[in-house]
Every structure is written in structure tokens, then in C-alpha cells.
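Look at TrEMBL and you will find 12-29, 41-59, 65-87, 99-119, 131-150, 171-190, 202-220, 232-263, 269-292 tagged as transmembrane segment.
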Amino acid sequence: RQFPGCGNIVTFSQFLFIAVEGFIFEANFGRKKPAIPIRYYFIMVAMFFTVSVVNNYALNLNIAMPLHMIFRSGSLIASMALGIIILKKRYSVSKYTSIALVSLGIFTCTFMSAKQVASDSSLNEEDGLQVFLWWLLGIAALTFALLMSARMGIFQETLYKQFGKHSKEALFYNHALPLPGFLLLAPNIYHHAVLFSQSEPFQIPVIGLTLPIMWFYLLMNVITQYVCIRGVFILTTECTSLTVTLVVTLRKFVSLIFSILYFRNPFTAWHWLGTAFVFVGTLMYTEVWNSLGPFLARWRKRPKAE
């Protein structure tokens, strides 16, 4: 909110933390050989790094955070489209219906955001056009990142079928190998590190340590991101993919609501309708209704207390 262009320093900090943790506990200080050949990780990492950087820069192109989050929720569309094209997959009618709902939701939110950008009364006609063109570039960047992310998912699926599932290993290499690439972004990262250091001082409760508040925010972001990544990893080993998808979808929804209410982002009734389409479509795709049916049937048949 205070530094909209700080995405690179946030991403670099997350990557560095997860890479160091993985180097110690997964790679055993480099002594453990990867189960999947390293050349495949380089391809995966190139995609992963590109998606992360493009998504960060989209926030500098007049893309509001709620729209950013909703747009990225459309990963189902991109995955299905590339699955049909590359893997020659075919899906049920309910799957196509869910994708149509998600597409409609994203289109609704995108169209209404476009109207808000275009009708900004504080800008003259020339500046308003320039802002709108930058916004269109941001939409193009998000679309590219969405398709690239889907392609990476298909690539991972192919690798796991060939070499077996090694999620923790993939997590480590996906975060360790891109680290040299951040040298290209070093001036931007350094610039925001200086800005962070100049932010107002903040005393951490209990510990009593005082540091600039932006560094505290970054520290909390890195810790919560690590907990999130580890949590998803544990979930994938303990639960079905349906449960994982459902939990991640609900997490996106809670994040969206928090972003709108706490940060007071502009959100109209049309945005709410689009959001509903996105998440109902996602739940239809995961076929959560089919899983709830047997559960509710068992619940109804439970013995009643006397």
C-alpha cells in the first residue's frame, strides 16, 4: 500500500528464506542428489521466475489488488485450455460449465474495473487515456502470467508422472535456482530496501526490538508465506487434491474479502457478482457438491440422542 512497486524485494525475501531452509533440511547442505534431473528444474524455474516477476509488475500498471487476486483465480481456465491443446484432454459438461462461470466472473470484474479507470474524474482526457493504456498493459501481463503458470503446471504434472512426486524437492529448487536472476532486479530491490529503512520506527511487542515498520511488515510476510507454502505441502501429502483445491479456493476468498474491507478498495455490486461467479465456478470444478452429498447423507442417518 505504501510502496506499490516493492513486489521484487518481497519476492526475493520469500525466495531467499525458503531456499535457505530447503538447502539445510531438504538438500542436506548440497549433499543430497535431486530425484528429478536438474535440467528439468531449470526449465520449471524459468517459468516460475517469469510468472512471479510479471505478476509483481502488473501491480505497477494500475491493476488494483482485488482485480489482481480475482484474475489469478482464473487459473482453472488457463489450465483447462492448455490441457485440451497440449495433453488432448476432454472434460465433462459440468467442468465446461464451471469454466464458463469463472470466465464470466473475470470478464465482469475486468470490465467494471476498466470503466472505473476510464472514468476517473481527477484526470484530464490525455492523462486518463495514458492511465487506461497502462491498465490494458497490466491486463495483458496478467493474462500472460496466467497462461505461463498453467503451462508450468502441465510441465510439473508430466515430470511427476515420469519421476514420481517430489513436492518438497521441487519447492526448494523452484526457490533456490532463480536467486541469481534477482541480480537483474538488484537496483530496484536496493532502492526499496533504502525506502524500507527510512520508514517510521516500530517496536516489536514482547521482544522490545525497534526496527523500521516496513522491515517488520516484510518479516511477517516472509514468515506467513513460508507457513502457507509448508501448509499446502503438508495438505497435499495428507489430503486429496479435491480438499487441497477447496481449501486454497476458500483462502483466496478470505484474502479477497480482507483486502476489500480492511484496505477499503472500491468494489461495486458488479464486482461482487463477478467474484461469486469465480468462486462458484471454482467449487463446481472441484466437484465439492458430489463430496458433500454422501457426507450429508451420513449426517442425516446418525443415531439421534434419546
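Using the three backbone atoms N, Cα and C, a Cβ is placed for every residue, glycine included.
TrEMBL entries are annotated by machine, without manual review.
Outside the transmembrane segment (202-220) by six or more residues, the chain places 2-3, 9-10, 13, 195-196 with a CB less than 8 A from a CB of the stretch. Outside the transmembrane segment (12-29) by six or more residues, the chain places 168-169, 171-173, 175-176, 178-179, 182, 185, 189, 218, 221-222, 225-226, 229 with a CB less than 8 A from a CB of the stretch.
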